[in-house]
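Below is one structure, written out as structure tokens, with a few remarks after it.
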Protein chains: 2
Amino acid sequence: MTTAAEQAILDAHFMARALELARKGHYTTHPNPRVGCVVVRDGQIVGEGWHERAGEPHAEVHALRAAGELARGATAYVTLEPCSHHGRTPPCADALVNAGVARVVAAMRDPNPQVAGRGLQRLADAGIAVHSGVLEAEARKLNEGFLKRMELGLPFVRVKLAMSLDGRTAMENGESQWITGPAARSAVQRLRAQAAVVLTGADTVLADGARLTVRAEELGLDAAQTALAMSRPPLRVLIDGRLRVPLDAPFFRAGPALVATCVAVEEQYANGPECLIVPGDDGQVDLRQLLIELGNRGVNEVLVEAGPRLAGAFAQLGLVDEFVIFIAGKFLGSTARPLLDWPLAHMKDAPELKITEIRAVGDDWRVTAIALPPASV
Amino acid sequence: MTTAAEQAILDAHFMARALELARKGHYTTHPNPRVGCVVVRDGQIVGEGWHERAGEPHAEVHALRAAGELARGATAYVTLEPCSHHGRTPPCADALVNAGVARVVAAMRDPNPQVAGRGLQRLADAGIAVHSGVLEAEARKLNEGFLKRMELGLPFVRVKLAMSLDGRTAMENGESQWITGPAARSAVQRLRAQAAVVLTGADTVLADGARLTVRAEELGLDAAQTALAMSRPPLRVLIDGRLRVPLDAPFFRAGPALVATCVAVEEQYANGPECLIVPGDDGQVDLRQLLIELGNRGVNEVLVEAGPRLAGAFAQLGLVDEFVIFIAGKFLGSTARPLLDWPLAHMKDAPELKITEIRAVGDDWRVTAIALPPASV
């Protein structure tokens with residue numbers, strides 16, 4: 001007989017594999033969450049599956065199909081509570097019941113209001129043993145965009161920055177290309193590919209001719225993951241309150257894009273890209289409103305790649321969940337441009353961050369930091 | 001019979017232990033190098049020793065004493081070529097010969113012109129098998145200050161800085177205390193303790209009431225290492241070209257200090273600290289000349305703890321070997337003070353650094369970066 005302690009170890013072991021499978025959907029599942037599933041019988045994996053893209057079968061369906069008759073009496077490990085509603089595919093809870101599994105272990109409940117415990121309830125009602133909360137922290141991390149959108153209606157906002165060791169992004173005259181090396185640029189390509197939206201501002205597009213595309217040869221992924229990433233490129237969103245960027249800019253010539261602007265319909269581009277009107281003060285797009293709009297469109301993760309002004313505006317409004325800062329081993333000096341345009345008078349106003357990871361990326365280093373809520377709130 | 005490949009593994013193993021012993025002298029050996037020694041017979045360590053402070057016995061003497069008669073026919077591992085000259089103690093090469101060791105393995109040659117190969121030669125002449133170059137990189141790292149002084153006549157200069165994640169050291173109004181947390185401050189205490197000289201400028205002493213002392217309770221070391229560190233505190237050196245700091249400043253009240261100044265003897269403090277006249281342009285101390293003076297006084301390692309102006313001046317003159325930058329997880333914003341006062345117009349002028357390590361220190365992070373020579377040189 002397996003003890004409770006032994007069962008906990010086994011559960012973590014198989015859930016880890018389910019999480020590994022879920023990660024295969026890193027570049028393609030949005031607006032759906034990344035989900036993996038493993039079907040286990042007598043300590044052996046008899047079926048595996050992961051969700052590839054919205055509209056296609058969920059992880060459980062793939063895993064149950066692979067297990068076939070062996071699913072009867074088996075344990076299914078799922079990185080997210082099985083769905084209980086009819087979406088574009090039938091409910092996975094029903095599929096598990098029909099397959100005759102004896103036990104279902106979920107890493108976490110699905111915060112989607114259409115599920116929210118009902119999936120697990122459906123299983124329990126059918127006499128299946130259910131357990132939730134195995135490797136939950138890892139499961140939450142995997143889907144922080146989906147979870148934030150379900151819980152707050154807003155996408156997860158990641159701001160990518162590249163700076164010198166003295167915290168500067170460009171020389172005073174604007175020189176800035178190639179602060180960081182090829183490995184860091186490849187990592188940025190992967191950040192773009194995993195996002196549903198890559199967002200930038202008119203300054204960056206005008207000054208640097210930025211296109212913010214995903215380029216297969218720079219992703220540094222194997223053939224299968226490259227193909228997946230390229231099959232679902234992020235939507236490129238330009239914030240251009242006054243429509244200053246001309247239609248022949250490299251950004252527009254590089255493919256479809258969405259423009260967030262304050263300019264009324266009748267004054268917009270003729271035959272230009274889709275425009276989203278998000279009025280704000282002074283002809284500046286209301287950034288929070290824009291994020292709400294993107295959330296409504298099912299955007300889980302937004303990558304902001306912008307200059308100090310726009311990135312600083314997101315930061316000042318408390319809209320940033322995570323900063324990913326690539327640091328190059330050089331000094332650009334005290335007259336160079338700041339990381340963020342964000343004037344602060346007193347130390348007590350200085351926003352706190354938690355640096356969660358620093359690691360080498362080629363000759364550069366990548367800092368990941370999450371914004372902490374102000375201590376006074 | 002031991003093969004050459006096996007012997008190389010054994011040599012590295014015992015040299016690693018000798019290096020570990022040498023590190024016990026981290027806070028006390030200067031102006032001498034840190035040295036450890038292990039005497040090995042039939043694969044067993046029969047004697048260990050390390051150098052504690054100048055004027056006291058060298059590592060080899062301690063290890064040979066511990067080994068006693070077992071040293072005859074044994075192998076001695078030393079992290080630095082044994083000395084061949086009569087200094088404050090007799091030559092260690094002679095001690096090894098007299099003890100009858102059969103083989104001596106050194107991590108590296110001693111660049112001290114009084115030794116420089118003569119120690120190994122003396123051993124070889126006596127019929128002892130000698131080998132040099134085992135774990136040499138680690139041995140060089142251990143004594144980078146001593147080596148630089150022997151090779152160039154200059155001390156190794158380490159600049160300690162503390163900054164926010166956006167590269168700022170203080171608010172515009174000067175607020176700067178406690179950017180980093182207690183673990184980082186403890187690490188700074190250890191950097192001070194290992195240096196022969198801690199160097200600062202009048203701005204820092206006037207603005208912050210800085211004392212730059214080593215405090216036993218903040219070192220975070222065990223009792224033995226704390227006692228060693230406190231027995232040999234660094235000399236505190238103030239750069240004050242015009243003698244602006246009053247004698248009742250906390251810096252002077254905290255103990256003996258040396259003042260580097262441009263002011264002539266007759267205009268100096270009455271009954272004040274020792275002054276070293278190092279004239280430069282505009283009443284500014286010539287920093288290179290000051291370092292030469294400190295090198296002449298036997299200073300191996302200098303820790304610079306200063307504001308952006310003085311630290312920037314050292315950096316601009318190419319006098320810095322290593323930057324140790326503590327990064328706090330906060331933003332101080334774009335109007336806050338820069339890491340270094342160092343205006344640069346073009347990217348091609350941006351100095352390159354190699355970040356050799358980043359690691360967590362409490363809630364903060366410590367970046368170690370070495371200055372690289374300009375590509376054009």
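Just so you know, glycine gets a Cβ as well, placed from its N, Cα and C.
TrEMBL entries are annotated by machine, without manual review.
Listed features, source TrEMBL:
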ACT_SITE  B:E60  active site, proton donor
BINDING   B:H58, B:C83, B:C92  Zn(2+) binding site
BINDING   B:A162, B:W178, B:T204, B:D208, B:G307, B:P308, B:R309, B:L310, B:A311, B:G312, B:A313  NADP(+) binding site
BINDING   B:S176, B:R192, B:L212, B:R215, B:E305  substrate binding site
DOMAIN    B:9-131  domain 'CMP/dCMP-type deaminase'
Most crowded position, judged by CB atoms within 10 A, among B:C83, B:C92, B:L212 as binding-site residues:
B:C92
On a simple 10 Å Cβ count over all chains shown, which one of the binding-site residues B:H58, B:R192, B:R215, B:R309 is most densely packed?
B:H58
Within the same chain, the residues at least 6 apart in sequence whose Cβ is under 8 angstroms from that of B:A311 (NADP(+) binding site) are B:V159, B:L161, B:V304, B:L340
CB contacts under 8 angstroms to B:A162 (NADP(+) binding site), restricted to the same chain and 6+ apart in sequence, sorted by sequence, are B:T169, B:I179, B:T180, B:A184, B:V188, B:I325, B:F326, B:A328
If you measure B:G307 (NADP(+) binding site) to B:R192 (substrate binding site) at Cα, how many Å is it?
16
As a whole number of Å, the Cα atom of B:E305 (substrate binding site) is distant from the Cα atom of B:C83 (Zn(2+) binding site) by 34
Within 8 Å of the centroid of the Cβ atoms of B:H58, B:C83, B:C92, which other residues of that chain place their own Cβ, given that this set defines the recorded Zn(2+) site?
B:V35, B:A59, B:E60, B:V61, B:P82, B:T89, B:P91, B:A93, B:A95, B:G119
Row B:E305 (substrate binding site), column other C-beta within 10 angstroms, all chains, value 23
In whole Å, how far does the CA atom of B:C92 (Zn(2+) binding site) lie from that of B:S176 (substrate binding site)?
50
Longest inter-residue Cα distance for the substrate binders B:S176, B:R192, B:L212, B:R215, B:E305, rounded to the nearest angstrom, is 21
Among the binding-site residues listed here, B:S176, B:T204, which has the most company in the form of other Cβ atoms within 10 Å of its Cβ?
B:T204
List of residues, in chain order, with Cβ under 8 A from that of the residue listed as 'active site, proton donor' and at least 6 apart
B:V35, B:C37, B:G49, B:A76, B:V78, B:P82, B:C92, B:A95, B:L96
Could you give the Cα-Cα distance between B:T204 (NADP(+) binding site) and B:L212 (substrate binding site), in whole Å?
10
DSSP-derived class (H/G/I helix, E/B strand, else coil) of B:H58 (Zn(2+) binding site):
coil
